[in-house]
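The structure appears below as C-alpha cells.
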Amino acid sequence: MIIATYNVNGVNGRLPVLLRWLAERQPDVVCLQELKAPQDKFPEAAIAEAGYEAIWHGQKSWNGVAILSRIGTPVETRRALPGDPDEAQSRYIEAAVGGVLIGGLYLPNGNPRPGPKFDYKLRWFDAFARHARELLDADMPVVLAGDYNVMPTDLDVYKPERWRDDALFAPEVRAAYANLVAQGWTDALRTQHPDETIYTFWDYFRNAYGRNAGLRIDHLLLSPTLAGRLRAAEVDRHVRNWEKTSDHAPVWIELGEATRRSRR
DNA sequence: ATGACGGCGTTGCGCCGA
C-alpha cells in the first residue's frame, strides 16, 4: 500500500503535473495540500478519470486539503481540526481508507515571526498535537501526512544558520514537532534515511532546485503498528524538475500487508 | 535586508507562500 503527500500549490493549475505523477507512481492514497480552490472548483472528474475517489475541503485562494484513494471510497471522519483556532482556514481532513486512518494536514506557515501568524501556527500545532494524542490513545493504525511547515533538524535545511529565526525552523516550532513525534509517532522518511540530506521543497527563486537548496517540511508520521509495516519512504524529487511544477515534490511511503501481529 | 518565482482573483498588480 502506497500512501503519499503532495503540496500541489494550486490543484487546477497543477492538474497536468498531478495526473502525470499519479499515473507514474500509482499511489493508493494521496493527501493533497494547497488546493487554492473553492469547494466547487475541485477537479473531481479528471481525478476520477485517473481512477481516484476523493474527498476535499476547499477554500477560495488559499489552503485547501484533499484525500484521494484508488482502493475504495475514503470514509470521511473529519474535515476540520478539533479546536482549530480559525475554522475559516481549510487545513485538515481525515478519512479511513484500506484499514488505515489518514489525517491530511496543512500546518500554517507562521511567518513573519514574531506576530499573529506565528501565534496562530503555535496554537494550530497545539490543537493538532492534542488530536494526534487522541488518535494514538485509540490504538488505531494512523498516518498523519502533509505539509507541516517545519524542518525538524539541521539536517533538513540547506543552510540552517539562515533559517534560525524563521517560523519554519524557530526553536518553539522544532520543539513542538519533537514533542509530537515523542508521543509515539515515527517520522517515516527520516527513519528510512537516518543520515541522508533529503528535501521535499525547493523554492522557485534563485535556482533553488538546481542548487539543491531545499527544505524537508512534508512529513508522514506513523502510529506504532504502522511503523512495523514500513517498507519504504521516498521523495519523488524528479517531479520538482517538471514543467509548471509545484515548489514541493511528492513524498510517499510503502506499507507491507497487515499481519496478525501488526493488525489493530 | 531585499528580491527573485508562481498561483490566485473585485486580475496585467497586489497579496501570499516558505
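Backbone N, Cα and C atoms are what each Cβ position is placed from, and that goes for glycine too.
TrEMBL does not curate its annotations; it predicts them automatically.
Per TrEMBL, Mg(2+) is bound by A:N7, A:D147, A:N149, A:D247, A:H248; the candidate from A:E34, A:E44, A:E49 named for the same site is A:E34. Within the group of recorded positions (A:E34, A:D147, A:D218), the Cβ with the highest number of other Cβ atoms inside 10 Å belongs to A:D147. A simple way to gauge crowding: the CB of A:H248 (active site, proton acceptor) has 25 other CB atoms within 10 angstroms, across all the protein chains here. The secondary structure of A:Y106 (active site), as reduced to three states from DSSP, is extended strand.
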